[in-house]
Amino acid sequence: MAACRLLLFAFLALYSSFALASDPSSLQDFCVAGPSGKVLVNGVTCKDPKMVEASDFSFSGLHLAGNVSNAVGSRVTAVTATQIPGLNTLGISLARIDWAPKGINPPHTHPRATEILTVIEGTIEVGFVTSNPENRLITKVLNKGDAFVFPVGLVHFQKNVGHRNAFAIAALSSQNPGVITIANAVLGSTQIFPATFLPKLSS
């Protein structure tokens, strides 16, 4: 009897871990984000399915290079549910990243998404830092056609180490991955970040 109870408990624990291991399935084909509607899903109203058009699922412009004339020498062109209303509830998004020579996409994190980046043109050094306490840097130089994964929530970066402009396409596992640029968050907040919270780093 005790063995049966133990087996049942193990089964329920295993079942619940599977049940919580992925996003819930959608109960409808899609929920195109619309300006008005009666049903609220993921913070937006759903467009009447009878009014949905192909334009709700498409975006034009990823063939255009982003303007990299800025302090960091890079530009991210995001394609989220804001740009493609049909992405709402589908759990994915996309971005084009352009770099000038020596341009960087500074250390940042996506709190809600894993990212996979594919280099289309150029040579890009990429990397991410593992969580505490190891804080291990994992880095690689990518060439045209190479792909690299940045696990959800981890601080990561990209840098153009080639002599020409470069660009890549990134896919993210959230319709709204969010982005926290580390330097902006710590040093550029609306109020002065207390210096006592910034420990001195040993050399």
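The backbone N, Cα and C atoms fix where each Cβ goes, and this holds for glycine too.
Because the structure is a prediction, the values reported are computed rather than measured.
Features as listed in TrEMBL:
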- 1-21: signal peptide (SIGNAL)
- Cys31-Cys46: disulfide bond (DISULFID)
- 60-198: domain 'Cupin type-1' (DOMAIN)
- Asn105, His110, Glu115: oxalate binding site (BINDING)
- His108, His110, Glu115, His156: Mn(2+) binding site (BINDING)
Whole-number Å value for how far His156 (Mn(2+) binding site) lies from His110 (oxalate binding site) (Cα to Cα):
9
Counting Cβ atoms within 10 Å across all protein chains shown, which of the disulfide-bonded residues Cys31, Cys46 comes out on top?
Cys31
Which has the fewest other CB atoms in a 10 Å radius around its CB: Asn105, His108, His110, Glu115, His156, the listed binding-site residues?
His108
Run through the domain 'Cupin type-1' (60-198) and tell me, per DSSP, how many residues are helix, strand and coil.
12 helix, 56 strand, 71 coil
Out of Asn105, His108, Glu115, His156, point to the one nearest Cys31 (disulfide bond) in space (Cα versus Cα); all of them are binding-site residues in the record.
Glu115
State the mean pLDDT for the domain 'Cupin type-1' (60-198).
93
Residues other than Asn105, His110, Glu115 within 8 Å, Cβ to Cβ centroid, of the oxalate site?
Ala95, His108, Thr109, Ala113, Leu117, Phe150, His156, Ala170, Leu172, Pro177, Val179
